[in-house]
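Copied from TrEMBL, the annotated features are:
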REGION    1-29  region 'Disordered'
TRANSMEM  73-95  transmembrane segment
TRANSMEM  101-121  transmembrane segment
TRANSMEM  142-166  transmembrane segment
TRANSMEM  186-207  transmembrane segment
TRANSMEM  214-233  transmembrane segment
TRANSMEM  266-287  transmembrane segment
Amino acid sequence: MTTDPDGSDGAAGRGSESTRTTDAGDSSALAATGTASGTASIADASILPLLRVIAKKQFVLLVRYPLNTLSRFLTMLIFFLVVFFGGRAVAGPAITESLDGIIVGFFLFTLAITGYAGLAWNVTREAQWGTLERLFMSPYGFGTVMAVKAVVNVCLSFLWATALLLVMMPVTGRWLSVDVVTVVPLAALTLASVIGIGFCFAGLALVYKRLENLFQLVQFGFVPLIAAPVWSYEWLKLLPLAHGSFLTRVAMSEGVRLWEFPASELAVLTAVSAAYLAAGYYCFVLASRKARREGLLGHY
């Protein structure tokens, strides 16, 4: 299942004139953001204008191509329905025992591919549209711009995953415990490790440009990580997605609250996620320096 989180893989991916105009305008705004005060230093500039511009761009891309946005959601839903009804036809009533895991797994899978691909695909799109160099002109710095893009992608991924969850539960007849105070922090920590992977591949895209097929292969690698049996093999907690997926599944299936989990489990999840996020961002910074040093930003 190929996913372009911008919701623009159809018309925008073909480089339509309207999309190029919109993106060029938004990229110009990104480059100018933070300098409205003229002499204000970047340390004094608010990050909110940058956040607003990036969020507006994502919203415009979703609304401008409604058929593409709807088809993307239907693709994810059909994928789930095939697994659910296909599994029920093969396994019969036995699938009921693993139904909670399937629903939570798809919820996390949607979060993961949207958050990861949001960064990896974004660099490719900016290079295709010829606006990548403008992002480097932002007084905030290219790294800060991409970090804010990651935050927006996380918010967008929660919207997609929540919409899918609200459809999956009535279709299957299984209603899970969705305590926002518990699920959101656990899912956000789980997603942090995936964002780190996204930063790493975004850096590779800066240098090697065409990596779409690799992006698609990597996102399917999330499936075994989400289903990893961390309760049997402690070392699996060190892998991205695995530990957070297990804790989120327990929270949603058994109604366990965030404060009821052992502090050691939450500490491990936080440390592992932070490590992957930091490592991924570091790789991204190194790759961006290499791309600038070798003059690769304007090439595609």
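Quick reminder: no glycine exception, Cβ is built from N, Cα and C everywhere.
Curation plays no part in TrEMBL annotations; they are all automatic predictions.
Since the structure is predicted, the reported quantities are computational estimates derived from the model, not experimental observations.
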Long-range Cβ neighbours of the transmembrane segment (266-287) (under 8 Å; 6 or more residues past either end): 143, 146-147, 186, 189-190, 192-200, 202-204, 206-207, 237-238, 240, 243-244, 247, 258
Same-chain residues at least 6 beyond the ends of the transmembrane segment (214-233) whose Cβ lies under 8 Å from its Cβ atoms: 1-3, 101, 105, 108-109, 112-113, 116-117, 120-121, 194, 197, 201, 204, 239-243, 245-246
